[in-house]
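These features come from Swiss-Prot:
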type    : residues                       : note
BINDING : CYS71, CYS73, CYS86, CYS89     : Zn(2+) 1 binding site
BINDING : ASP462, ASP464, ASP466         : Mg(2+) binding site
BINDING : CYS811, CYS885, CYS892, CYS895 : Zn(2+) 2 binding site
Amino acid sequence: MNQEVMNLFNPQAPAQTFDSIRISIASPEKILSWSYGEIKKPETINYRTFKPERDGLFCARIFGPIKDYECLCGKYKRMKYKGIICEKCGVEVTLSRVRRERMGHIELAAPVAHIWFLKSLPSRIGTLLDMTLKDIERVLYFENYIVTEPGLTSLKEHQLLSEEEYMIAVDEFGEDQFTALIGAEAIYELLASMELEKIAADLRVDLAETTSDLKQKKLMKRLKIVENFLESGNRPEWMIMKIVPVIPPDLRPLVPLDGGRFATSDLNDLYRRVINRNNRLKRLIELRAPGIIIRNEKRMLQEAVDALFDNGRRGRVITGANKRPLKSLSDMLKGKQGRFRQNLLGKRVDYSGRSVIVTGPELKLHQCGLPKKMALELFKPFIYARLDAKGYSSTVKQAKKLVEKERPEVWDILDEVIREHPVLLNRAPTLHRLGIQAFEPTLIEGKAIQLHPLVCTAFNADFDGDQMAVHVPLSLEAQLEARVLMMSTNNILHPANGAPIIVPSQDMVLGLYYLSIVAEKEPGEGMIFADMGELQHALENKVVTLHTKIKGRFKTVDAEGNPVSKIYDTTPGRMIMGELLPKNVNVPFDICNQEMTKKNISKMIDHVYRHCGQKETVIFCDRIMQLGFAHACRAGISFGKDDMVIPESKAKIVAETEALTTEYEQQYNDGLITQGEKYNKVVDAWGKATDKITEEMMARLKAVEFDPVTGRQKQMNSVYMMSHSGARGSVNQMRQLGGMRGLMAKPSGEIIETPIISNFKEGLTVNEYFNSTHGARKGLADTALKTANSGYLTRRLVDVAQDAIISEVDCGAEIGLTMQPIVDAGQIVASIGQRVLGRTALDPILHPVTGEVIVEAGRMIEEKDVEIIEKAGIQSIRIRSALTCETRDGVCAKCYGRDLARGTPVNQGEAVGVIAAQSIGEPGTQLTMRTFHLGGTAQVVDSSYLEASYEGTVKLRNRNVVRNSDGNLVVMGRNMAVLILDATGKERAVHRVTYGSRLFVDEGDTVKRGQRIAEWDPYTRPIMTEVEGYIEFEDLVDGLSVSETADESTGITKRVVIDWRSTPRGSDLKPAMVIKDKAGKILKLSKGGDARFLLSVESILSVEPGAHVKAGDVIARLPMESAKTKDITGGLPRVAELFEARRPKDHAIIAEIDGTVRFGRDYKNKRRIIIEPNDDTIEPVEYLIPKGKPFHLQDGDVIEKGEYILDGNPAPHDILAIKGVEALASYLVNEIQEVYRLQGVLINDKHIEVIVRQMLQKVEITESGDTGYIPGDHVDRIELEEINERLIEEGKKPGSGNPVLLGITKASLQTPSFISAASFQETTRVLTEAAVAGKMDTLQGLKENVIVGRLIPAGTGGMTNQIRRIATARDELIIDERRKTSGSAEANAMLVDMTNNAAE
């Protein structure tokens, strides 16, 4: 086979292609067939002659020659003896390269168990033999005998016997009556004698009969492994090795160092150990040594082989000379430094260089400046070729000399070579695909790469010493892809949200903002200009300034392209900017006739891109950048310390707040409020004070002042300009500079009660400085930790989504998701238009008034449609989604919708999974790197009232209100909502109002915008009565279940329920309040239960026993958690928790059915709650709730399916089980978006949907039917559907399953591709499982193909694959044709069909 390595005369056929890779357990015969000879000696090389020892680990006879075409003794040299085997040294004369591919073997004197199959959990050998790992190890490591053939004795099969027991048994029954063996031989015998078919049949019978869950699971595990062996053709006894393969010597090299020492691969040490022990064992057996010695040697051999395969998996780690653990075969594959991730997934490439970057403002967007020195080095081969072609040199050597001397003709040629040859620039960390872009190089002097300022956002680069790498695409295809797909001019939009990413920032924004300012009373106000010439003239002669109010004529074109003009009220600065706008009917002057903040500039660029296309946009961006820089420079904006204005009213506000806090302190001392309430109120008061001061400060900064002498408007405050324009800085930072720093958070996340009153301009006091170090340190520590976390999250996301590729145009799905605007505390955070833009409509979208069709079903919703939808006030739209897409592998283009980075429908072959993963992962890293910018300044996020966001009429859904003693309307319903309807009766806003809120409006009232609708206490949760009567306490015993704190000075007492289970006497109490009538009878509630209110721990009682209460009065309050600061620190782990589908710590309990709440008998420390269904066909459901948990439902409350019985974050699995896939999707999307939204990061919903789709691919079989699966198996959803369709056609019984939600790590490890899973995590476990099952990897995803070195099946690679498939099919047809030669007509027809399809 290896003879034909380099047959020059008939070059070998190109390496055969393959479509799949299979992994299985190697049988001894297989290992022998690979081997070129047995290694008998542990020697490596002769230390005097440096030649390999014969039969040693580097033996040339077995592995091949050391020098090309030269045998070891030197008798045969050179090509002419190719293939001859030297009779003296036995070495074949061939290429030395074969030393990388030829393997050897070691014949073991005693069998040993393969550690992967023994110790990789669950132990395969253990499961097969139905023995525990401990027992097997006892046998393997020669502690116990095992009975293999009990014969007619009373012993049982698989029974373990110690040395003494064995002796007794031999004495009792005689040696030939039974067989008991020890060591790996025993296990080998047991495995070899297994009849797998019979075992499988028995297990199936047992499975059908067993009732216990535990036993069922155990049987299923065993059945699975038995079936794996049967299907894969592996034999169980192959898990015990009699022959160990030895890998080729060049893969475990021995390198001479200077000074006569050698560096060697650890594997050589491990192999040496095995050979030594093996040889010793052979000798001992020949010498007929005592059993105990042989046994010890066998055990040592087993340990040596274990260490070779997986060092440290069992027993102590074997260390080398320097106390460092030796790297075994497993370690070579594992982890970041292992083969998979180090060399297969990421390789270092040639033709690359790196250097520092500097800004290149005079470059065009598609250019980058490349230092001449670098270019010369990178394009060397091209230069050599061109020098030769032009006749400057005749050999490569001459060319080299020319280039080294840097002769003038070399530079000319370099210019030619570089022209139109794009290079790739990359900045680490490459967090999304915009981290690598193509540019055309222009040669520059100096040694730094010049980068265009507008692409810095995409690379997240700045010029404070960042470095970038340059790569040269060599092949024509690579150059083509770089130019067409990766050129910076083709990446104008951000793939995460479709907004422009080539947007001016910092100085450019400041310059454009300055240009667009309007000032009053400037010279020349009211002048009218006909064209730019006049205007320039006036400006140069200082007749007008850039900010004067003038009338100007703006020239553009109409729809036919004829020039038209219109006069606008504007300023000269804006006219200059308007001059740069592309001439297009859809680009009016209005888009730049406004204050140019960063947001508006972004909108303007987006507008130009949508209406004028890419080329115009690129030119426009370049021009606008030049303009921004020029005017930022001319304006000369900078700021000094007096630009930070401290508001005069600061002292007053601080004094007022201090008075308030003293008052709260007093109230607390008087016992009117609890410690927690005081803390909340103080923090609240200071939060409000900080906001007030900030407002005053901003008002001062914004204020327009006039010069008393000239009457002209004074220059705007520079700090305000920078912040307001979005160039640099935020209101938050300005507040810390000129207002007051405000509240700080402790490292634990709690807010410190005393705020920092000073600002940076005044300087902090020592105490304040100390308090603020908390936040600063936490910020720095966070940054370091979170970068790693975020990178890991991205890695898991990419891994789970890598095979989501657009594989067809339309899957024809008839299901989708319902999109609604996201409303938070009455504010619309994401409008319906933003959410449906670029998605495909599932049903026709109709106008609510006229009923005309706005968007037909199956059409993509564009910007123009969104405008109509928003105007019509449509509140919910059904759209197609990747989540509900029915494509077999991948996603279809219709369900995905618009490709955000291009603004057009998505192309086939686009790797949407990876894009989704990058879009979600990238901000994670950036946010975490930005935590400390707030310096830990706390924000209190709590709203305690609700204002109307629209005008309209009020309608109460599920109205349940009463008037309490104070005459206020109080909400008594658990799921009540306030709706605001417009004149046509359309819903304009929906607000959930919580139980216990005070309502200021009632059904049918009209409200104005901004009017208060309701308010509530954000810090406590009330328990209210709905009947009138007299209070009586039950089981509220002082000191046991209630503690009473009295205040000496006022005598006011406050009762708080304490944990009554902590004392033995109190364990049976059920603290509650009941309401009785005058006669002392317990009143009934409207639902029929008694008016008894059970109290949970920490409830504060608001009434005395015997007090008279009315409906709607609060009888007790439950304090809520105190306000913690919200910051992405909570955010990143939260995102990971959602994607990993973990159960949150105190998760909510969700009602599974509609019904009425009843309290059952309590356990010791759990409360039993029963929901009695409204529907008699359903069984009642019970829940157990820990007694200490704050619990707000009362006996007799009506509850709907999906409502929370116990508050908290719901577990996603529960949502999936109770409310279904759509509810789960919307929950995950909204929760994840919430985290990013807090940080102001925009991510399109579809990215999150793609990831959730990958998490929902499996179903758990509940009814197996005739599918051949076992209940509890995880199967692909689409696979099950296909099998069921087939079974129904054949009239058999289909199987059914429930969708399961897998976390991203779990889902990655469950991919059908074992190569992908092994390169992700837990390499040994994945490979062991795959080998036992004899898995086949069909190379469908991206990762597998990268690893085996093929084009990925996405993008251009996808097309190549498709073409190749068609070609092979056609080739096969043609070959068949030739065989038949009859040339049947139908085959011809098929051929024509296929050719046509291919052409299409």
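Yeah, the Cβs are placed from backbone N, Cα and C, and that goes for glycine too.
Where Swiss-Prot records a feature, it is marked here on the structure.
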| residue | record | contacts (Cβ under 8 Å, 6+ apart) |
| --- | --- | --- |
| CYS73 | Zn(2+) 1 binding site | CYS86, LYS88, CYS89, VAL91 |
| ASP462 | Mg(2+) binding site | CYS456 |
| ASP464 | Mg(2+) binding site | none |
| ASP466 | Mg(2+) binding site | VAL356, ILE357, ARG427 |
| CYS811 | Zn(2+) 2 binding site | CYS885, GLU886, THR887, CYS892, LYS894, CYS895 |
CYS885 (Zn(2+) 2 binding site), number of other Cβ atoms within 10 Å: 26
Residue among the binding-site residues CYS71, CYS892 whose Cβ has the most other Cβ atoms within 10 Å: CYS71
Sparsest-packed of the listed binding-site residues (CYS86, CYS89, CYS895) - C-beta count within 10 angstroms: CYS89
Beyond the site residues ASP462, ASP464, ASP466: chain residues whose C-beta lies within 8 Å of the centroid, for Mg(2+): ILE357, ALA461, PHE463, GLY465
Reduced DSSP assignment, CYS895 (Zn(2+) 2 binding site): helix
Three-state secondary structure, CYS86 (Zn(2+) 1 binding site) (per DSSP): coil
Check: same-chain CB within 8 A of Zn(2+) 1 site center, minus CYS71, CYS73, CYS86, CYS89: LEU72, GLY74, LYS75, TYR76, LYS88, GLY90, VAL91
Neighbours of CYS811, CYS885, CYS892, CYS895 excl. site residues, C-beta within 8 Å of centre, Zn(2+) 2: GLU808, ASP810, ALA813, ARG880, ALA882, THR884, GLU886, THR887, VAL891, ALA893, LYS894, TYR896
